[in-house]
Amino acid sequence: VIRAKVVGKKLMKDGPFGTMRYTVKQMKMYRGFQIMPHVQYIYTEASESLCGVKLEVNKYQYLITGRVYEGKVYTGLCNWYEKWDRLTLSQRKGLNHRYHLGCGCKIRPCYYLPCFATSKNECIWTDMLSNFGHSGYQAKHYACIQRADGYCSWYRGWAPPDKTIINATDP
């Protein structure tokens, strides 16, 4: 998970449809230090129809998530990527102060009701009931964090989370 500005792009001819290689200037890394301490290139499919993402060169800073495979960072439409200035204040604060508290948690999407957590380390993501992707209210304003008792729950707020109380009004 990085914050970066795209400073170049190049169509690579590997694979049947090609791969786009974006050169990035990494501003901050939020997760993945132990795997790759610095990211210089982000790879994606060249075609959006194959889940490739289109990033603009020298225009915006982006939040980019992805996976490392054979020493390269890959992203696609199934990963979270967004222009930095389009993130909500809650998302920015989450990246800097909250989301790391949820590293032991799993977010389970709910596509239709009823939905239940199957283990104590799950948060049920209900944005999928009314919105698709990362644009729902829950994704924009809440963080799934692990409490002291080992259970994961949604948290929203500015003060440090109270790890002993679950607010039943939260999604």
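Even glycines carry a Cβ here, placed using N, Cα and C.
TrEMBL entries are annotated by machine, without manual review.
Feature list (source: TrEMBL):
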DISULFID  CYS105-CYS152  disulfide bond
DISULFID  CYS110-CYS115  disulfide bond
DISULFID  CYS123-CYS144  disulfide bond
DOMAIN    1-103  domain 'NTR'
Residue pair CYS115 (disulfide bond), CYS105 (disulfide bond) - Cα distance, angstrom, rounded: 17
Least buried by Cβ count (within 10 Å) of the disulfide-bonded residues CYS110, CYS152: CYS110
Cβ contacts of CYS144 (disulfide bond) (under 8 Å, same chain, 6 or more positions away): GLY102, CYS105, ILE107, CYS123, TRP125, CYS152, SER153, TRP154, TYR155
Site with most surrounding Cβ atoms, counting all protein chains shown within 10 Å, from the disulfide-bonded residues CYS115, CYS123: CYS123
Confidence summary (mean pLDDT) of the domain 'NTR' (1-103): 88
